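Undergrad: If you scroll down you'll find the structure; I have some questions about it.
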Amino acid sequence: MQHNLKTIFVISHSTLTIILFTELVTGIIGNGFMALVHCMDWLRRKKISLVNQILTALAISRIFQLCLLFISLVISFSYPDLTTTSLIKVTCNLWIIVNHFNIWLATCLGIFYFLKISNFSNSLFLYLKWRVEKVVLVTLLVSLVLLTLNSLLINLEINICINEYQRNITYSFNSYYHANCHRQMLSLHIIFLSVPFVLSLSTFLLLIFSLGTHHKKMQQHVQGRRDASTMAHFKALQTVIAFLLLYSIFILSVLVQIWKYELLKKNLFILFCQVAYVAFPSFHSYILILGDMKMRQACLSVLWWQKFRKNYVEPLDL
């Protein structure tokens, strides 16, 4: 019985590890492709639109985030003794920065879609709609205030943790950190995650309301077909729904770690949470690629080129 349980554990652990590293690699490739397409378009046109600026910055921030997580996992799994107080402090600070821009740039993308596509006669909405670039800029500047506060609180918590550890050094700091400090870090993390989530959810609900209002107006004038505005609403809603779904999984993975903290001692549970956590920055990039005609065409061009190259090279090898 114990042998069977051990076998199941080993298989589950190996499967989750493969899934996790596959997510990381595919996420880096997807975000790298997105950044490359927009940068090449920028160089060719000598200008870049606001939405492409957001998408490029989002892709770059996620590449850094996924690379950082990849390196952290390799060190954690292969060289746990290298996890010192200094390394954890540096890793936490880097993680706060890249994760902050990942979340807030995605939120700004949702705000951009909402202001560009929604139709409201409210004077405040119209004022913001005509100043969408300033709205995005102000949102990012306000988010920097939250980043500073988040960084200060996290560093304060880490310093307290280090001081307590140095008073009683009985085992490695990595073990002490995960046993005594990691839960507080996760709690702070979820507090700062809630702000952009509420903003994204609000834009989603307002988009639905705008679509409903527009649909009623169109039913009075046009029967049996969808106009360009309705299609734009549906396209934006599909993107925002996918974003909110992945974002919800992202937040739930953190909440589960806080509520069931005793399970963090089990490597299998940690891996499962990491798989859920990484799904957001990895898969969201592919949703954005599929939702953008220019990136979708570029992706198809690459696939056709690979197919042609394979068919062309193979006869030469013979």
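Sequential numbering from 1, following the chain as shown.
Using the three backbone atoms N, Cα and C, a Cβ is placed for every residue, glycine included.
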Undergrad: Membrane-wise, does Swiss-Prot list His13 and Glu133 under the same topological domain?
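TA: Opposite sides, per Swiss-Prot.
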Undergrad: Under an 8 Å Cβ to Cβ limit, what residues of the same chain, 6 or more beyond the ends of the transmembrane segment (239-259), are close to it?
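TA: Non-local partners: 103, 106, 109-110, 113, 183, 186-187, 189-190, 193-194, 197, 200-201, 203-204, 207, 273-274, 276-277, 279-280, 283-284, 287-288, 291.
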Undergrad: What is the pLDDT of the topological domain 'Cytoplasmic' (38-53) when averaged and given as a whole number?
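TA: Across the topological domain 'Cytoplasmic' (38-53), the average pLDDT comes out at 88.
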Undergrad: Counting Cβ pairs under 8 Å to the transmembrane segment (94-114), which of 17-37, 54-74, 135-155, 190-210, 269-289 comes out on top?
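TA: Comparing 17-37, 54-74, 135-155, 190-210, 269-289: 54-74 has the most Cβ pairs near the transmembrane segment (94-114).
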Undergrad: Who are the long-range neighbours of the topological domain 'Cytoplasmic' (38-53) in its own chain, taking Cβ under 8 Å and residues 6 or more past its ends?
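TA: Those are 59, 109, 112, 132-133, 136, 294, in sequence order.
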